[in-house]
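This report concerns only the one structure given below.
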Amino acid sequence: MTILQNGAPGSITRRTHPLWFLLPAYGLLLVFFFLPTVFNFVYAFTDWSGFKAAINPVGFENFEQLVSDGTLFRSLRITIVYAVLVALFQNVFGFGLAVLLERDTAVNRIARTFFLIPVLMSALAVGYIFQALLKGTELLAHTTWTVVVVALIHAWKWMGLSMLIYLAGLKTIPLDVIEAASIDGASRRTAFWRIRVPLLAPAVTFNVATALLGSMNGFDIVQATTGGGPARTTEILNIFIYRTFGQGLFAQATTMSLVLFLLVALMAFPVIYVLRKREEVL
Amino acid sequence: MKRWIAVGAALTLGLAACSDPSAAPETSTAEVTWPAPDTKLDGVKLTIWAAQNSNTVPKAVVDGFQKATGATVEVVTVPDPYEQSVQTKVATGDKPDLAFWQPTASMLTAINARTNLQPLTGAPWLPSLDPALRDITGLLDQTRYAALVTSPAVEGVYYNREVFAANGITATPKNFDEMVKLARDLKAKGVTPFYEMGADRWATQWWVQVQLADAAKAGLWDRVNSGQEKFTDKTILDTIKTYQQLIKDGLFNADIKTAKFEDQGTALLDGKAAMVVQVNSFFGQLQAKADTATLDSKVGFFPISPSGNVGTFIPDQSNALVAFKTGDAKREAAARQLLAYWMGPGYQSFVTDRNTVSLQTAVPSPAGVPKALLDVHASLPTSVGSMQALAVANPDLYINLADMIAGTMTPEQVAVATQDQFVQLAKAAGYLK
């Protein structure tokens, strides 16, 4: 926010516009971002449901019930496994593609475009296409491995974006650093692993964080591919929330989405902190 | 600074004023008026919500009604899963004038009928309905909220007549045990007796429910509703165990875990399996695959229960309509008028157009209704309500049973999970304090 203390050294003293000009912007922020989040907290402590008109506070009852019921923990576990797998696959594929397609040849340019197409596709379309492709195979019917298959599909859809960001990272590495390394006698392999990869740290931070936290909030691809099956082994939390909301248990569904929100926040801070730490050595 | 405080205060007040957007005052069941079906309604626009499998049902009625009254009626398809989508829309304040809706107590509770729906007290078409079907469903706490337009679905056994004949079976089984014995004989002859769809899940619950038909007649669901009996008690748990045992004994298709609804229909028509425990929508699928003559010669139906041939009825969304309280008195009356037209002057052309069984004694069923559907309809007067029809909440029994088929849950775990969810839903609905 703009600092308006008069006379403080280095501060902006010239008022070009009155402060209340900010009100519309903050008003929008409040109504469309702050209030929904507040309601997410408030409704979690009520008995809001599709069955009756009144909404009464119930304290921590929804939380107690969720904790006593094993379904929440199972869904949370599946969600985390899914998110970690997606983050892993998406970054490995994206990184591999970026390195493969780094040089600006005509073929590479065309190939990059093709790998970016899935990013632009509707997630539901991707899900339904793969569901049709894999129909009848064991791949979508195995109670252990289907979650991996769905994570691969998710990674397949988004790997183009990771590729783009890694490419941008690779392009920004100054050529003289690489030249200096080769003059110092570093092989291409050493230069790649010891110089170029560490210099990609900011790209890694962005890619890992968005893939991990984005897939924690995943829904569309899983819903379209498996709908949570087989035997609910791919029922990530958002599918569970969707099911609960659909039963008219709005407060319980809100409570779950609050739990998901807190979990994402809890995971985001350490993950981003650790990845940022890696950037500090630069 | 003061300005900021004022803004903050206004927002806090706004927050406090927010409540359930679907909330409307619960109206008393005052006198409901029924306009004559042909009253002029020029300029009135009505919306009907329908599911993907029911959006063609009202076509003939809508055409006739528009011609007779000058009203405009739009049928809007709400995407599947229909019930969830409708509940979500209604919860956020979006309401049609009419909607297809499962007319059971649990689903009327789920849409908060007392607040959201118009009572259909004194509906003019009731006297002409078959007395056996008049009060079979559509009621919640003695108030009528749903209009039954087609014959409600019945859980029972669809069988392939040719497979039965080829194996020397001349009479259909007289009770559940006889059916299981017949299945074992068929298996010994190398025929797959039953076909189940573990991947699409929802039909799994019919197996438990048909076994509970006699208990349901004896008030099982009343006891479950009041908490005197649980899914984990012997009555229900035993039926889940029996279902699992029959699967373990190899009486079902080998691909039970991955089979889908579509496969089930194909298997029965092609004679790859002898029997399928299903509801009317299954027959709808068969009708899409074969003509009436083929179906009449190939597919038969019999209801089943432990004590005999008692069916379990489960009206579904395509069988009935509800009228919403929209707050617009003119449109609310027009919605009632449309129902009165549908079940009155429009009924004959409706059943003819849909080629479906008539619910009214004075209106004959069209000649082309398949025999199996007539048998289903004939089983209604003696049939008993399903879990959906009689329990106050509708837990995901079918998902748990499908998990059991996939091998991730035991029958005991199925019962516990279903009971827990039943309690949760019943409590939210104001039952089971």
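Using N, Cα and C of the backbone, Cβ positions are placed for all residues, glycine too.
Unlike curated entries, TrEMBL annotations are predicted automatically.
For A:76-271, the entry in TrEMBL reads domain 'ABC transmembrane type-1'.
Sequence annotations record features per position, and here TrEMBL assigns transmembrane segment to A:21-43 (among others).
The annotation transmembrane segment is assigned in TrEMBL to A:80-101 (among others).
Per TrEMBL, the feature transmembrane segment maps to A:113-133 (among others). Listed as Cβ neighbours of the transmembrane segment (A:113-133) (distance under 8 Å, sequence separation of 6 or more from its ends, same chain) are residues 97, 101, 140, 153, 156-161, 163-164, 220-226.
As annotated by TrEMBL, transmembrane segment applies to A:197-216 (among others).
Here TrEMBL flags A:249-275 (among others) as transmembrane segment. The list of residues near the transmembrane segment (A:249-275) in space but at least 6 beyond its ends in sequence, with Cβ under 8 angstroms from a Cβ of it, reads 37, 40-41, 43-44, 46-50, 55, 58, 62-63, 65-66, 72, 76, 79, 201, 204-205, 208-209, 212-213, 216-217, 237-238, 240-242.
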(message) Within the same chain, where does the transmembrane segment (A:80-101) have neighbours whose Cβ lies under 8 angstroms from its own Cβ atoms, ignoring anything closer than 6 residues to its ends? I mean 6 or more beyond.
(response) 108, 111-112, 115, 147-148, 150-152, 154-156, 158-167, 169-170, 204, 207-208, 211-213, 215-216, 218, 222, 234, 236
